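Contents: one structure, followed by commentary.
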Amino acid sequence: MRHLLDTRTLDRATALRILDIAEDMSDTQSREVKKLPTLRGKTVVNLFFEDSTRTRISFEAAAKRLSADVINFAAKGSSVSKGESLKDTAQTLEAIGADAVVVRHPASGAPQTLATSGWISAGVVNAGDGTHEHPTQALLDAFTIRKRRFGADSRGRDLSGLHVVIVGDVLHSRVARSNVWLLTTLGARVTLVAPPTLVPQNVSLWPVTVRYDLDEALADDPDAVMMLRIQLERMNAAYFPTEREYSRRWGLDALRVRTLTGDTIVMHPGPMNRGLEISSDAADSPRSTVLEQVANGVSVRMAVLYLLLAGEREDERGGDL
Ligand code: CP
């Protein structure tokens, strides 16, 4: 794997391979000594032009647990404020020795530009670009759903027969887009639930069902309900009902959680707006996988960095793990 830019073009075999390697990585994380020597001598640069908690520290933890060196670059406080371009910034980081660049950027397509422009030769991982994609978030979500459903028998399995309901601000959500492509590639059925103003205009081209009534969607007994953050910072006020109205109609609260049956899990990629799209009761309920998603993110990102940077040393993985 040269780069990981999206899930739209990720084939089923590669996606399953990432999830299966993440299973191996997850097993190593329960050991007393978590560190593996696999990427010793490699350098991973986290190149973040937008704020992040989970994704940045998770890539940092993943790289360090594989013994790579990590350089964290945040646009805030850097020479980007003096007008330095993405090209010059990336080339500067490569000159310092980057083997892989993990990019978060407000512009949709920025990681693709870095990967295909010829500016740098390092591998590129998309850590979230505009409203376009967030592929490692979708991979860790798929990993979490698979692990909850199949436990120790997860390896090699796809998500055929499972139903995932994604709720909220689909219009602005790169997490929703990446999940739609990945979950359906893996055989899951996806239902989107949102106010009509927060559904993308081209949604009829997506392999999903769209509903506007959350209670009806929850009554379908889905395997997972994935709540999305309301991205007020990307939003025109005309798109949005009042916060009170939104919570009443599309928020997940304790009453709605109590209507869930079977093993339905409650997911959220974070950061959460507690009290808006999800109540504290729902976020902290026994059905919630919010912190499991965070922990699984480290294993999934270890798998991605491994495939990007240790491909030529693949036969050593058995020994390393
Ligand atoms: N889920 C996610 O991308 O969170 P951060 O913005 O904190 O990285």
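In case you wondered, yes, glycine gets a Cβ from its N, Cα and C as well.
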*According to TrEMBL, ARG54, THR55, HIS134, GLN137, GLY270, PRO271 bind carbamoyl phosphate; which one of ARG17, ARG104, ARG234 is listed for that same site?*
ARG104
_Maximum Cα-Cα separation in Å among residues LYS82, ARG174, ARG229, which the record lists as binding L-aspartate_ = 32
*Based on DSSP, name the secondary structure state of ARG54 (carbamoyl phosphate binding site): helix, strand or coil.*
helix
*Which binding-site residues of LYS82, ARG104, ARG174, ARG229 contact ligand 1 in the sense of C-beta under 6 Å?*
none
_Quiz question: given the binding-site residues ARG54, LYS82, ARG229, which has the greatest number of C-beta atoms lying within 10 angstroms of its own C-beta?_
ARG229
_Over all pairs within ARG54, THR55, ARG104, HIS134, GLN137, GLY270, PRO271, the annotated carbamoyl phosphate binders, what is the largest Cα to Cα distance, rounded to whole Å?_
15
_Measuring Cα to Cα, how far is PRO271 (carbamoyl phosphate binding site) from LYS82 (L-aspartate binding site) in Å?_
30
